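Have a look at the structure below before the remarks.
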Amino acid sequence: GFDCPFGWSSYEGYCYKVYNKKMNWEDAESFCREQHKRSHLVSFHSSGEVDFVVSKTFPILRYDFVWMGLSDIWKECTKEWSDGARLDYKAWSGKSYCLVSKTTNNEWLSMDCSRTRYPVCKFXG
């Protein structure tokens, strides 16, 4: 099987890493791409994946928010993950600008894209 690089955590063929450094959404997406050539801000496709990511974010960040790779800053109405995956799993909590996920229960909230939150990066192994 594929081993994630040092410092990354593996779940069902994907690698994840939480960074304890706040930045805006655009910088966070660029930051993830710099960490690994296939990496983007995290996208969620199942509740199991959500539980895994919460288990990684909460111990580091406690009660806070992480950026997800979901925004509508480029295309009105079209919602897709920044890594190009289609939106097939949803947990909305309102209107979207850029989306954050709570570190405690993965409730999704919209936030101004210029606010600073923590990146969680993900890529397919």
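Cβ coordinates come from backbone N, Cα and C, glycine included.
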**Message:** Pick from Cys15, Cys32, Cys77: the cysteine that Swiss-Prot pairs with Cys121 in a disulfide bond.
**Reply:** Cys32
**Asked** What number of additional C-beta atoms lies within 10 angstroms of the C-beta atom of Cys32 (disulfide bond)?
**Response** 25
**Long-range Cβ environment of Cys121 (disulfide bond), under 8 Å and at least 6 residues apart** = Tyr16, Lys17, Tyr19, Phe31, Cys32, Gln35, His36, Ser39, His40, Leu41, Val42
**the domain 'C-type lectin' (1-125): DSSP-derived helix, strand, coil residue counts** = 26 helix, 38 strand, 61 coil
